[in-house]
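Asker: Can you keep this structure in mind? I'll have questions shortly.
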Amino acid sequence: MQITERSFQFERVARQQKHRQALLLCICTLPFAFLLSLSIGAVDVSLWQMLASFSGDLNDVTSESNMQAMQRAIVFEIRMPRILMTMLTGAGLAICGVVLQSIFRNPLADPGLIGVSSCAALFAALGFFISSIFIVSEWLLPYFIPVMAFIGALVSVCLLFAVAGRNKQVNTLMLILAGVAINAGAMTLLGIITVIVDDSTLRQISFWSMGSYAGISASVSVMTTFVIFVGAYLLWQQKNALMLMAIGEKQAKFQGIDTERVKIRSLIIVSAMIAVCVSFTGIVGFVGLVVPHICRMLSTSHLKVLMPMCAMAGAILVCLADTLARMVIAPSELPVGLITSVIGVPVFVALIYQEKRKQMDV
């Protein structure tokens, strides 16, 4: 009996140590990714120059005032909002992936499953098409495409609940089927738009749909910060209910959890977070699918540990992917979605193979 109790305590201590090591790895890697991305670009800025920019003293770095102004503008006006946006969207998409996998009890669920991303892409393409035909005011143009994409995301949410919801209840299977239908319909209409637009508009649509953080402003980063933090906090408040729902809805109901209320509330929050992420940056795929699985392999499936770890890992992944996208064909840049897809596709195939082996073993 004592041997069994000691072995159980040893396993618990080893498991807790594994969680701490994984969290420590993410905590240490996050500032490294931030500083690396901040220093790399068409104009390289050294660590000392960055520290001088933060302190507001560039006299020791260079005696040329125009160089001082350029370095300060590069660090604070161009790279800082962009890097913050990569980390925010990466964290938001990863958290959304964890929550959706808990709700659907499906390890292959991701933010693209419910059709929000595809509808946002459809309305963004429609926005590009409208702006190519009609003259859009200069002050409205930077916000026109994000607003159109956000409207598309909201339309997909309304369609999702209209199809899958009934008598204040949401059927999980109907949610998946409705998401597949919305994805298929949006992609069909998007294909029609890409056929009828001119070449320059088609290039804009293609680049946006693969994700880009170019031209992100500080105001956009601040707004995204508010939405992501509020959404993450509200989802964190429901972590225990979501954990029980991941085990099974019947077990959650036996514990007194209002599963329908938790499901609807979580889906609304997740949809809002995805809508904000997608509307300003385009579609950055596989983050919500790959990051939760990597974190589960490194740590645990308990949402108390998994959610903050996924937030940090998602931020690191998208930040480094954006840095790589700026480095490969500098001074031009690749779409960030291409980099995340290169990482995500092999992991996705490995997950399918793993699920297949589990079914064969059963």
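Yeah, the Cβs are placed from backbone N, Cα and C, and that goes for glycine too.
A TrEMBL annotation is a machine prediction, not a hand-curated record.
According to TrEMBL, the protein carries these features:
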type     : residues : note
TRANSMEM : 21-43    : transmembrane segment
TRANSMEM : 83-100   : transmembrane segment
TRANSMEM : 112-137  : transmembrane segment
TRANSMEM : 143-163  : transmembrane segment
TRANSMEM : 175-196  : transmembrane segment
TRANSMEM : 216-236  : transmembrane segment
TRANSMEM : 267-294  : transmembrane segment
TRANSMEM : 306-324  : transmembrane segment
TRANSMEM : 336-353  : transmembrane segment
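Describe the structural context of these features.
Answerer: Same-chain residues lying 6+ beyond the ends of the transmembrane segment (21-43) with a Cβ under 8 Å from its Cβ atoms: 50, 70-71, 74-75, 79-80, 83, 86-87, 295, 298-299, 305, 308-309, 312-313, 315-316, 319-320, 322-323, 326-327, 330-331.
Long-range Cβ contacts of the transmembrane segment (83-100) within its own chain (Cβ-Cβ under 8 Å, at least 6 residues beyond either end) map to 30, 34, 37-38, 109-111, 113-114, 213, 216, 220-221, 224-225, 227-228, 231-232, 235, 242, 266, 270, 273-274, 276-277, 280-281, 284, 287-289, 291-292, 303, 306-307, 310-319, 321-322, 336.
Counting only same-chain residues 6+ beyond the ends of the transmembrane segment (112-137), those with a CB under 8 A from a CB of the stretch are 100, 104, 144-145, 147-153, 155-157, 159-160, 175-176, 178-183, 186-187, 189-190, 193-194, 196-198, 200-201, 204-205, 208-209, 267, 270-271, 274-275, 278-279, 282-283, 285, 288.
Packing against the transmembrane segment (175-196) from elsewhere in the chain are residues 104, 106, 112-115, 118-119, 121-122, 125-126, 129, 152, 156, 159-160, 163-164, 202, 205-206, 209, 267: each is 6 or more residues past its ends and has a CB under 8 Å from a CB in it.
Remote same-chain partners of the transmembrane segment (267-294), defined as residues 6 or more beyond its termini with a Cβ less than 8 Å from a stretch Cβ, comprise 85, 88-90, 92-101, 103, 107-112, 114, 116-117, 120-121, 124, 146-147, 149-150, 153-154, 156-157, 160-161, 170, 175, 207-213, 216, 220, 223-224, 227-228, 231-232, 234-235, 306, 310, 313-314, 317-318, 321, 335-337, 340-341, 343-345, 347-348, 351.
Counting residues 6+ beyond its ends, the transmembrane segment (306-324) has Cβ neighbours under 8 Å at 22-23, 26-27, 29-30, 33-34, 36-37, 40, 82-83, 86-95, 97-98, 213, 232, 235-236, 239, 284, 287-288, 290-292, 294-296, 298-300, 334, 336, 339-340, 343 in the same chain.
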